[in-house]
Amino acid sequence: MNQDLKSRILDVLGEIPAPDGGADVVSRGMVSEIFVADGKAFFSLSVPASAAERFESFRRVAEERVAAIEGIASAMVALTAERQGPGLSARPQPRPPAAPAAPHPHRHPRPRPGAAAAAAPPPPRPPAQKPGIPGVERIIAVASGKGGVGKSTTAVNLALALQAEGLKVGLLDADIYGPSVPRLLKLSGRPETANGRTMIPLEAYGLKAMSMGFLVEEETPMIWRGPMVMSALTQMLREVAWEPLDVLVVDMPPGTGDAQLTMAQAVPLAGAVIVSTPQDLALIDARRGLAMFRRVDVPVLGIVENMSYFVAPDTGVRYDIFGHGGARAEAERLGVPFLGEVPLEMAIRESSDSGQPVVAAAPDGPHARAYRLIGRGVLEALEAANANEGKAPDIVFE
Ligand SMILES: Nc1ncnc2c1ncn2[C@@H]1O[C@H](COP(=O)(O)OP(=O)(O)OP(=O)(O)O)[C@@H](O)[C@H]1O
């Protein structure tokens, strides 16, 4: 039965024209082993690194076409860049053009002010002292170099994991173009205002939450540009009754462009968590994210590997179909903590997409445990960053 489904999947994949004009992906041996469990299909495509962008739309089409096969309810396809020569960490990597050189990342996890490479354009400096938010102890960003890696899912579950440590936690959805927090926490409606100006955040699972999705209609085209994005973000940071919070988790917009850089500068961040999937392609983007935060002198608290491995629900056998371990190696190479790994798991997708994040829905399960470990790693990294700076007060555990 499964075998039959697999060959039908291969038939369908073989019919989709390859976007690089080459032969179909099946005959080129680009399709990984295919797993079908509970009507869900999982596999990865190993694509040439140079054609990665073009294969992204192919990936989406493949997911749609496979999900349309009778007997398949949904499909999850990941792209893997073809490895050439030695492993990822040993291979010289393309640098993002605007990133400052980090000559000894192991010895200098954070470039000190003024240590940016001479070759890089002058980094846009944050204002000398970014004003904090009264009553908010620490703000941390959850970011990713590219979209779709599970940044928002991680942000929500990390916020809940920190809450499980006894902290008062808020969640700010700064992804103004594609806010996910309303969906992830199943929240809707407009925030009330307290005194004609201060908005009262909505609340779910004990988290205070704010999102552009609460302020605009879903159909409103998100044509927010430059100053409008910034004023929306400033409003959501400063004109919201967040107080009192130990940690405000900010779900950043994906990517490492100017908009993200401006945001990273505008928010008084205590640190940033980078989410990546294990594939080489995603890691290249994650590295850009890391460089971005270093440019604005925000400590990188660590890297989370999402969709790290896959456990077949019928047999419980674990498969590293997406190249598990890439983010750990990358974190080591870059001299930042590796915060933990989260498997590719339908339960995580389904609970996220139904507004019941897995840390709240199944607090004693293995996935909640994974997020709680990540949460503890984040707190440790915050403490370490704090000790480095030697100024801000400690977070107190209850
Ligand atoms: N570990 C996981 N296992 C299975 N599905 C996951 C996992 N993490 C995230 N997903 C699913 O992947 C999809 C993308 O996740 P999410 O919205 O969190 O990503 P994102 O990086 O924030 O994306 P975007 O940049 O588009 O907002 C969602 O459907 C989510 O439920």
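Glycine is no exception: its Cβ is also placed from the backbone N, Cα and C atoms.
Note that the structure is predicted; figures quoted are calculated from it, not measured.
Look at TrEMBL and you will find Gly145, Lys146, Gly147, Gly148, Val149, Gly150, Lys151, Ser152 tagged as ATP binding site. Taken from TrEMBL, the feature compositional bias 'Pro residues' covers 93-103, 120-129. Among the features that TrEMBL reports, domain 'MIP18 family-like' is placed at 6-75. Per TrEMBL, region 'Disordered' is recorded for 85-133.
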Which value does the mean pLDDT take for the domain 'MIP18 family-like' (6-75) in this predicted structure?
88
Using the centroid of the Cβ atoms of Gly145, Lys146, Gly147, Gly148, Val149, Gly150, Lys151, Ser152 as reference, list every other same-chain residue with Cβ within 8 Å of it (recorded ATP site), in sequence order.
Ser144, Pro254, Val275, Thr277, Ala282
Would you mind sorting out which binding-site residues among Gly145, Lys146, Gly147 put a C-beta under 6 angstroms from ligand 1?
Gly147
Three-state composition of the domain 'MIP18 family-like' (6-75), taking helix and strand from DSSP:
29 helix, 14 strand, 27 coil
Same-chain residues at least 6 apart in sequence whose Cβ lies under 8 Å from Gly148 (ATP binding site):
Pro254
So, in DSSP terms, is Lys151 (ATP binding site) helix, strand, or coil?
helix
Are there any residues in the same chain, six or more apart in sequence, whose C-beta is under 8 angstroms from the C-beta of Gly145 (ATP binding site), and if so which?
Pro254, Gly255, Thr256, Ile274, Ser276, Ala282, Ile284, Asp285, Ala286, Arg287, Arg288, Gly289
Same chain only, sequence gap of 6 or more: which residues have a CB within under 8 Å of the CB of Gly147 (ATP binding site)?
Gly178, Pro254, Gly255
Radius 10 Å, atoms counted are CB only; among the binding-site residues Lys146, Lys151, which position scores highest?
Lys151
